[in-house]
Structure formats: C-alpha cells, structure tokens
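Visitor: So TrEMBL lists the following for this protein:
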- R38: pyridoxal 5'-phosphate binding site (BINDING)
- R60, S61, Q68, K276: substrate binding site (BINDING)
- R234, R361, K426: tRNA binding site (BINDING)
- K247: N6-(pyridoxal phosphate)lysine (MOD_RES)
- 425-435: compositional bias 'Basic and acidic residues' (COMPBIAS)
- 425-449: region 'Disordered' (REGION)
- 436-449: compositional bias 'Polar residues' (COMPBIAS)
Amino acid sequence: KGKCPEDGWDESTIELFLHELAIMDSNNFLGNCGVGEREGRVASGLVARRHYRLIHGIGRSGDISAVQPKAAGSSLLNKLTNSVVLDIIKLAGVRTVTNCFVVPMATGMSLTLCFLTLRHKRPQAKYIIWPRIDQKSCFKSMITAGFEPVVIENLLEGDELRTDIETVEAKIKALGAENILCVHSTTSCFAPRVPDRLEELAVICANYDIPHIVNNAYGVQSSKCMHLIQQGARVGRIDAFVQSLDKNFMVPVGGAIIAGFNASFIQEISKMYPGKASASPSLDVLITLLSLGASGYKQLLKERKEMFSYLSSELKKLADNHNERLLDTPHNPISLAMSLQNLDENNDAAVTQLGSMLFTRQVSGARVVPCGSVQTVNNYTFKGFMSHSNDYPCAYLNAASAIGIKQQDVDVFLKRLDKCLKTSRKESQKEKHINEISNSNTGTEQLED
C-alpha cells in the first residue's frame, strides 16, 4: 500500500527486505557484465555492506524521481520511501499534502532548489520577501539561488517576535508583485521568535499571485507547525514546504523532504535536480520508519510534547530561583528562552561566558544570545544577530524540546545550568568588587595629587 506499517518491523525483517531489494540491482546479478562508466562497482566490502549493496543511487540524469532500468531495487526503494514519508507527513497533521520526495541535501540547499525551480516560472522576479530569522542557511539559500532577500523585521509583541504582515504587504506593493519570486516564511524557530503567521501570509500570496515557500526545518515533530501549514494551504497559497530528515526522524545529516499540495509543481522541483543522487538519506529514513512503525513515530511525537511541558515548568522554576524569568512565548511549540538580565547588567562578557561554560560541561544545543551583536552574512549586516531583532530587550538562553529528548536530558541540563549560573554570578560579583576597589583607589590617588 506504500504506507508506513502501523507496528515497527524487527531488524532481521528489515535487513531481509533490503537484501531482496539489492539483488534486483544489476551490479548484484550473478554473471553481470558491466562495460559502462557507472556499473555500481565498490572497492571496499565494508562500504558495500554499509549501503546494503544498494550502490546505484536514485533517479536518472534528468529526474531524481525517475526509475533506473538497471537498478530496479534502488528505484523501488526510492518510490517506497517517498510514499512512506508522504504517509507520515499526513499523519503528522498536513492531511491534504499530495506529493513529496526525499532529496539528498540538507534544508538550505533544498530551499535553493525550490527557488531555482520558481525562476523558470517567474523570469522577471529578483526579490524574495523574507520575515527575518537569524539562521544562516535559510538566508544563504536565497543568495545562492541568485536572488535578493528583502528582510522584514519582526514585531515585538510582549516577549514574542512575530511576523509584520503590514510591512510584508507594503513591500509587495512597493516592489511590484511581478518582481517578487516568492514569500519565504518559517515555522520552526528559536524562541522568542515564533512561527510566522502562515495563514495571513498564504492569503496575501494568493491575493497577489505570488508563490509561497515554507522553511519547516524541524516542524514535522510539532503538531502546531503542521497545523499552520495545513491551514495556510486551506485559506491561501503554499507552494512547497521543506523539512530536514535528521531533525525530524533522527537520522544522519544530509537529507530533506520537499512536499507540497500541487503534485505537478513538486515533480518540477524533482526534475530540476541535476543528475542522479545518493540513496543514503532515503535508505536511512526508510529503515527508521520501518523500525518505528506509525505507532512508534506517534509515540515519539507524544513524548516530545510531554517533555516540552516538563522543560517549560522546570526551566521556569530555575529562572525564578535566579531572579530571571522564562520568556512568555506561547506560540513557539518547540523552543524556550530564559532571560539573562542579571548577567547582562553585571558584565557584557558574562553572557557569552555562560555559553562557553555550558559547552565545556557537555551541554549541547543550548544557545546563549547576548544583546547587540552584529554579524555580516553575504554582505548583509544584521544587528542583534541570533536574536531575530535589531534590539531585543534582553540577553537570553535557548533550550528546545526536540524529538527523542528524554527526561534525563532535561534534568542533567537544568542541574548543570544551575551550577553555571551560580558560578557566573559569583565571578560577576567578584569582578564588580575589584572594579569598585580600583575606582576607589583611583579617587584616593587623585586627592593625594
């Protein structure tokens, strides 16, 4: 049926299935005589076993989704993977999605492929409307495709940074709809930025006949992000949405899923990919989903949501203990932020030092964001880089509840963060005391003079 099985398969069943696929490829035929330049020859047995002898990759030179006659097993693997992934996207909340394919590139390059496909439909267009998110790969995806990003600053509403819909529409009118390639929006993001107002953006795109590409990098694991995409497609226009394999399915980095509601447009994107492609990302995600089954993946989504609530409540308690606060970002379903105002007031360097302390104590993924940092990316200068805003009111620390996180991860993180905050506060107070003594001595010397 091309769907993810409800219950996961055991490893021996999955391996038997993969071996059956592999013997359908010509490089594994007994007596095969290859005289071409690409015959699936592998020098190392270890490499061959690592790939289950599925060596030919996926697609053909003109279409990444096409069937290879001499690689029937690899082609079947590709078709099945795309079908199973489509089933999971529907299960995760985007019920009306019609087509998707796994591409062996991470999210940024996959977005670039979408933009390059739109270039042929809108040859006059040179701008991409982009509500700001301080993440380099999604910004560089537009530059690499040869377009000029039009950065829309976010609005501060309470603690949250939200989409400035009025400015988006004003920019479209000022630049002319025909000169705009697309609106490039984002769902999953670091707090205090929250997912874009997808429904409003989708309506604007429909009204002005402008394509809409959504960066849904790690949004499959969030029912809220997937609901926003579903609603955006229902009330307006969403042409494609792109998500990472590693962030949503716990596989190695190197693959993404491009999905959409118009099957022919998604097929156009797949045909834009030049040449054949590695089968590794497709193989990894198929093995993972066959192992988990639909019920196993749903259980992971449920556990992630529970851990988000737990992380939120425990981080709030810790923040209160240190006279800080958990920023109020109810529209962000994955990421949380805790203020670092006390550290920031005492010493500018103390904020970044906290990040170093956490990293050396083996806490990965937590982001410490100081105020006022400036960074230039591809000749574009961003003030307050990493905070998604020119002047966010305070420094803060991020933590996320992503798929696969366990209570032990949260507990160890909070324990180490608590120790680091206490150490940072002591060091800041000590430095402050030294500065006061130094100032006092300077004053005495001036009186003596």
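The first residue you see is number 1, and the count goes up from there.
Every residue gets a Cβ built from N, Cα and C, even glycine.
TrEMBL labels come from automatic prediction, so no person has curated them.
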Visitor: Determine, using Cα-Cα distances only, which of these recorded positions is closest to R361 (tRNA binding site): R38, S61, Q68, K247, K276.
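Guide: Comparing Cα positions, the closest of these recorded positions turns out to be K247.
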Visitor: So what sits near Q68 (substrate binding site) in its own chain, CB-to-CB under 8 Å and at least six residues off in sequence?
Guide: H56, I58, G59, R60, S74, S75, K276
Visitor: Tell me the Cβ contacts of R234 (tRNA binding site) under 8 Å, same chain only and six or more apart in sequence, or just say none.
Guide: T96
Visitor: Cα of R38 (pyridoxal 5'-phosphate binding site) to Cα of K426 (tRNA binding site): how many Å, rounded?
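Guide: If we compare the Cα positions of R38 (pyridoxal 5'-phosphate binding site) and K426 (tRNA binding site), the gap is 64 Å.
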Visitor: Just how many other Cβ atoms lie inside 10 Å of the Cβ on K247 (N6-(pyridoxal phosphate)lysine)?
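Guide: Summing over all protein chains shown, K247 (N6-(pyridoxal phosphate)lysine) has 22 other Cβ atoms within 10 Å.
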Visitor: Out of R361, K426, which of the binding-site residues is least crowded by other Cβ atoms within 10 Å?
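Guide: The binding-site residues R361, K426 were compared, and K426 has the fewest Cβ atoms within 10 Å.
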Visitor: Please work out the number of neighbouring Cβ atoms within 10 Å of the Cβ of R60 (substrate binding site), leaving out its own Cβ.
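Guide: The Cβ of R60 (substrate binding site) has 16 Cβ neighbours within 10 Å.
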Visitor: Please report how many Å separate the Cα atom of K426 (tRNA binding site) from that of S61 (substrate binding site), as a whole number.
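Guide: Rounded to a whole number, the Cα-Cα distance is 62 Å.
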Visitor: Got a sec? Which of these binding-site residues, R38, K276, has the most Cβ atoms within 10 Å?
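Guide: The residue with the most neighbouring Cβ atoms within 10 Å is K276.
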Visitor: Given the residue listed as 'N6-(pyridoxal phosphate)lysine' and S61 (substrate binding site), what distance in Å do their CA atoms have, once rounded to a whole number?
Guide: 29
Visitor: Taking the centroid of the Cβ atoms of R60, S61, Q68, K276 (substrate site), which other same-chain residues have Cβ within 8 Å of it?
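Guide: After dropping the recorded site residues, what remains is G57, I58, G59, G62, D63, A66, G275.
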